[in-house]
Each structure stands twice: as structure tokens, then as C-alpha cells.
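Trainee: This is the structure, below, for whatever I ask next.
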Amino acid sequence: MILELDIGNTRLKWRHKSSAGEEITAEGTCKDIEEFRAGQLKEQPSLFRFCSVRDQSITEDLLTWSQTHWALTPQVANVRRECAGVRINYQDVSRLGVDRWLAMLEAYRRASGPCAIIDSGTAFTLDVIARDGLHRGGFILPGLSMMQNSLTANTRIRLSKEAKAESTALGNSTDEAVLNGSLASLVALIEKQIVELAKDSADFKLYFSGGDAALLAEMINFDKFQIVTGLVLDGLALACPQFADDKK
């Protein structure tokens, strides 16, 4: 059994795969590392690989636990300048989030060409990969909830509990003005990038992931997109292959 783990900003995502790495046999989420350890570290895997955007101490703790209890050294994903055909243009590649990087690796593998990856969760990220695998760059913004929470936390604005973003039209109430405004800002950014991408590559692929993926995809004036899951965990297999000879 292969154990894969994505330690994100707000939750952990895990899954079990067959030893051949072809079939997902179980998957789920946890709120913290203690819950994960209690539920998913009972059965020893043949391979354990993970990524983390949290404090380095969590990575070190998992490494120590696995080595002590299983005599198994996990594979930890770290951003590399070149991997699986993707080339990173950051001057300091360590400043690129490993979750964004893994998602890019898998998206480029699926697209086999130019693509854009939009992840809309706690944060909103948009990354663009050229046909030759060059990461052209990206954006990081607050996600929809974080945008709205920043207003309620720093102003006297209060939103109704039942309020939710459903339109990019001008708002006729404070709820609509805040919710529609935050949604409209992300939709406008996405549509601008679609126009720019189409100038260079009419056949580019657009991938949405994250909790607000369906909402954002519904709002854009573009119908050639895919809503996907598991990009980060799928990218782990590219960054941390089962066999050393597969690592490129």
C-alpha cells in the first residue's frame, strides 16, 4: 500500500493507493496531524510520500515518526527547478509553494501542452504553463471567503448568515455588494488571463480545483474547462516516484 498525504493550510488530505500505484483504495481528510496519525498510521505502507505547506517542524515530526515506528523514510516533495517537463522561472524556487508546484506538474501531464491551473480555496491561485513547460508565472489572492472575512473583520460591515455569492452583477444590498464584488474580482482576473492565453495558444487547457471551483467556472465566459480533484496528490507521484529511475 502507498500512503500519500497533502498537508494544506487548513486541512490534510490523504489517500491509500495500491502497491502498483494505479488504484486509489481509500481517501479522506483530517483537520490536523494528530487526527491523521491516529487514523492513518496504523497500517504500515510500502511507500509513504507527502508534501506540506506548514511549519517545517511538522515535516520533521512525520519523518521521525515514520523512521522510528516503521523504519521507513518518507519521500518529501520539495520544489525543483525542473521536473516532469515543467520548468520554474522563480529566481528562488524555494519561495514557490509546493502545493502549487505539484498541481502544475500534474496539470501539465494531463494537458500535454499549455494550461492554466486555478485553485480556489482559502487562497486563490492562478498559474500558467507554456507549451514547452515553462511556468510563465501566477497570481495569489485571498479566496472568496477570506476576502469577505477581511471586510467584516476590519470594518463595521456585517453579512447575513444566509448570504452567498451567486452573481457578478452590481449589488443592491450590502450583502450583494460584498459577495458579488469579491466574486466579480476573481472572475474578471480569470477572464483576462483567458484572453491573454488564447492569443498564444488557442488549444490551452483550463483546470479548476478547490472549494469554489464550480462557482467560479459557472461564472466565466468560457466553456472549455475541467473541474478536477487530486492534482496535488497526483503530482506527488511525479515529484516522488516509486522507483528512482522514474525521477526526472
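In case you wondered, yes, glycine gets a Cβ from its N, Cα and C as well.
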Trainee: Starting from the ATP binding annotation in TrEMBL that includes ASP6, ILE7, GLY8, ASN9, THR10, ARG11, LEU12, LYS13, which of THR122, THR125, THR152 is the extra site residue?
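Mentor: My reading of TrEMBL gives THR122 as the candidate in that site.
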Trainee: Just checking a number: largest C-alpha distance across ASP6, ILE7, GLY8, ASN9, THR10, ARG11, LEU12, LYS13, THR122 for the ATP site, rounded to a whole Å.
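Mentor: This binding site's residues have a maximal Cα-Cα distance of 15 Å.
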Trainee: Per the record, substrate is bound by TYR90, GLY97, VAL98, ASP99, ARG100, THR174: how many Å separate the farthest pair of Cα atoms?
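Mentor: With TYR90, GLY97, VAL98, ASP99, ARG100, THR174 as the binding residues for substrate, the largest Cα distance is 40 Å.
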